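Heads up: the structure comes next, in structure tokens.
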Amino acid sequence: MKTSRRGVRPVAAAFIITAALSACGSTTSGGSSGTAATTRDIRLAIVGPMTGDAAADGQHILDGATLARDQINNAGGVASGLYKGAKIVLDPLDDTESVDRSVTLAHQVVDSSQEWAFLGTGFSDAAIATAPVLERASVSYLSTYASSAQILAKPFKNVFVVPPTFPAYAYSAAEVAYKQGYRHAAVLQANAAFGLQMAKLFTDHFTALGGMVVDTETYTLGDKNTQGFVAKALASQPEVIAMAGLTGDDVAQLHQIRSAANSTPVLDLEAVAFSQSFLTTAGNDALGFVGQTPSDPKRKTAAAAHLRSIYSAKFHTDVIPDPTAFTYEAVIGVARAMESGPSDRTQLGAAIHNVQLADTGVGPLRFDPSGARLGGTLWYFHVANGAFVFDTGYRQTAPLAVHEVPLEE
Amino acid sequence: MGGSLVTAGAVALSLGVLYAVLGVGFALLYGLLGEVNLAFGDAAVLALLVSAAVFSATGSVILTALAALAVGVLASVAVERFAVAPLRGRGNTLAPIIATVGAALILRNLSLTPFGAEDRSYPQLFGSGALVAGTTSLDATVIAGLSVLLGAAAAGAWAFRRRWGRAVIAVRDAPVGARLLGIPAARVSVVLYAIAGLLGAVGGVLVGAHVRTVGAELSWRTTLLAFTAAIIGGGSLRGAALGGFALGGVEAVAQVLLGSIWAEAFALLLLVSVILLRPRGLRRALTTSRT
């Protein structure tokens, strides 16, 4: 048969051009969510990846804000003070999981002067880049999912990290692994700021405790082609495997581990597994998987029971995803700060620093002078019979310190 | 070291089979029609996600497979009819390629709208048995993939010796002459896109059954892998299969012996090397046949 004389160079060039074109596609969503705004309304920009690969995270962020908004507005709006009765209005903004887009949205919020605060964003990379933009304009920024300590590396006055910061996750995971008797760990880290930072903190603390990380594998975030590097990690014969990636990554890696007839315990560093979709997607591979979350469905406080009931009524499960829990807290915190009557949005940051909530439903909420949450607790669970079984908690008592606390305070 | 080589070999075989099936599907259009379908991966992943939904609704492996094949074929034919065919033969080679990018975005949104961006589990369509090799496993997708490749080779060998196969060759080599001789070039194109969609769906299902967690984000990577395998192979069907195995081998060596972060870099290095050093692909090293 005749061979073609066509070369591949023109096609390759076309491919590269079109790849670049397709990468340029992005969408934004805007517009207010909920009731029509009035001048007394408290508008909040709710930012996250509403479209694209991480759209689930954006939806979780919006879910938490919506729950809090409905709760506050149904109770008559801001409870007291100058803004008594003012309603919360949400402006969902899509950062498409892009750092540049997130920064652009921050500039838009600064320029618009409509929004009182900027809440959300997905990955820490975006939060780190966004924080200085808002700080310069004295606009309050509450990061409700990203929790890298680098977000607060500079002395900001208007930037707050609502989840416990990275050391809380990594240090407590190292403590859990060490207390369970594991001394040799392998780490699977996503090649993104959050994955690399979390894995390093885990390695540092696990080593300080007396353990050893025998292998570290770095993979491209979202890559389901896990077979090779999982096999390499298993070849180092770890006693436990720590994962620092997203939910889908963890599930794909779990499958490869188990399909190699390997029962090595697996530990999540990123608190990404506490969701119904993880249980469904991972199936039997999740048996024994150890994870962490700020939500303990067994907490018996009135606030916790209330949050579970309103979440369950709307979403038919009491497994509250982390971005939902933290964004819910953030909106509650802003509404409480408004009760002190800040004269304009540049004063809101100081008001948030004075907020002290004994229990938002997720836990006590207050911030240290740097904007880091004080007293955040991570609850540890393992998976058994297709359900989460909670074991213990770890509270962040200082930026670099965690202490074990019992369940059911 | 011996254990690592066994593991690398098993990973290479697992990945190579998947990439070979995808590469052959992509090369079918590139090699026989000279057309680049950048919606290939999106059609395959749409088929994959629909089949995952069918399985969760029915639990039937047969219905799941049929749904994947049907959606793969329909999506691919739709790309041909609505994106490529109207621009074919107008002397602009770039326009149809750009049109397939548009088709890819539409297909991706067709995946995202009903299924969302969250990963979902994919069933073990080919059984749960796996042969442990080193610190990894060879699962049933390897056998299934090899069977598909052998079946495709046999079907190709049979078809190209018959009237319809010769019509395809005529359309490829002299489209105007073929039309003058009464060969229905448009129908040939539709059939080739349908077969490519079928192979894409099969490749997608194999990937899903292998990684067990799938989402719309797989689509672009699927196109990239299929494209790379086809280009490495020089556009021929055998070459694309060879390219798929070469790509799988390179990724396996990079992942198991060096580290996962190097896998894509090595794959792209292989692609660039082939483009620079052997612009007609690796096929000349082993074969002179296009089919």
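Indices start at 1 and increase along the chain as displayed.
Using N, Cα and C of the backbone, Cβ positions are placed for all residues, glycine too.
Automated prediction, rather than curation, is the source of TrEMBL annotations.
Features reported for this protein in TrEMBL:
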type	residues	note
TRANSMEM	B:6-29	transmembrane segment
TRANSMEM	B:61-79	transmembrane segment
TRANSMEM	B:91-110	transmembrane segment
TRANSMEM	B:130-160	transmembrane segment
TRANSMEM	B:191-211	transmembrane segment
TRANSMEM	B:223-247	transmembrane segment
TRANSMEM	B:253-277	transmembrane segment
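Of the two recorded stretches, the transmembrane segment (B:191-211) lies close to the transmembrane segment (B:61-79), with three or more CB pairs under 8 Å once pairs fewer than 6 apart in sequence are set aside. Most Cβ pairs under 8 Å with the transmembrane segment (B:253-277) belong to B:223-247, among the candidate stretches B:61-79, B:130-160, B:223-247.
Tertiary proximity for the transmembrane segment (B:223-247) is limited to same-chain residues at least six positions away from its ends with a CB under 8 Å from its CB atoms, namely 12, 15-28, 30-31, 36, 38-42, 104, 149, 152-153, 156, 200, 203, 267-268, 270-271, 274-275, 278, 280-284, 286-287, 289-291.
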